[in-house]
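Now, the feature entries from TrEMBL:
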type     : residues : note
DOMAIN   : 143-267  : domain '3-oxo-5-alpha-steroid 4-dehydrogenase C-terminal'
TRANSMEM : 16-35    : transmembrane segment
TRANSMEM : 68-86    : transmembrane segment
TRANSMEM : 92-110   : transmembrane segment
TRANSMEM : 122-146  : transmembrane segment
TRANSMEM : 158-175  : transmembrane segment
TRANSMEM : 196-217  : transmembrane segment
TRANSMEM : 223-239  : transmembrane segment
Amino acid sequence: MVVTTMLTYIFPPPPSLFVTAMTVISFTSLASLGLSELRGKHLHYSKFWNSGSKTSAAKKIKLSSRTGMLIAYSPAFLAGIASFVLYPQENIRILLLCSALTIHFFKRIFEVLFVHNYSGGMILDSVLAISLSYFLSTATVTYAQYLAQGFPEPSVDLKYLGCLLFLIGISGNFYHHYLLSKIRSKGDKDYKIPKGGLFGLVICPHYLFEIVGFVGISLISQTLYAFSFTIGSALYLIGRSCATRRWYLSKFDHFPKNVKALIPFVL
């Protein structure tokens, strides 16, 4: 009964050991990272780039945030470009998926180069972990979609709803990144409480819209791997946003207590 219901909305899992293993690995690793964020063990970027022991941090290789983020996003962007060549675009779904992924990472690189106003650095270990995660997820979701082309389409077609959610997610994410870039003048390294958009309700609206965008990609794909990665990413971003809210509460005495971490009025 459960399997029958699932197959109404997703393609049958392909007979691929690689895709099956990545489905489990992506979900468990991302969920574990989210739990680590809640426990105070952070990936070293943004305001947490130098968190933890100062002695151990001093021994690690530090990169500028701009360099680190370019390393993090570029392989996934190239994987998106390569997917147009590697996999025949035999139907509109795989074309939409490859396009959405490529646009997503192009936007991220564009923001790194022209939008973000960085104040800290990144630790190489975290850069490589993020880069590998994004590259493998992009490569796996496109490969899983290619394998799914041999199966009947799910009876409930969600790809156009997915396109709408993807556009909402990527637009909302970009807008709030733009607002973040404007809270400090050039050369100013101090953090301030962000304002505008949904920042009056949640401290990480950019993460909220990132999740919306990932949900959109999952609905375009309608594969088990895509949903697994999206749920794992959402759990990670929940953990990261809760840690970010705790950071603001500890740094700013006047931080409004009614501002939630990720979901307005809820979380």
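Here the Cβ of each residue, glycine as well, is placed from N, Cα and C on the backbone.
Predicted automatically and left uncurated, TrEMBL annotations should be read as such.
Under 8 Å from some Cβ of the transmembrane segment (223-239) lie the Cβ atoms of residues 10-11, 13, 19, 22-24, 26-31, 33-38, 137, 140-141, 144-145, 148, 204, 207, 210-211, 214-215, 217, 261-262, 267, all in the same chain and six or more residues away from its ends. Count of Cβ pairs under 8 Å against the transmembrane segment (16-35): among 68-86, 122-146, 158-175, the largest is for 122-146.
DSSP states for the domain '3-oxo-5-alpha-steroid 4-dehydrogenase C-terminal' (143-267), grouped as helix (H, G, I), strand (E, B) and coil, give 74 helix, 2 strand, 49 coil.
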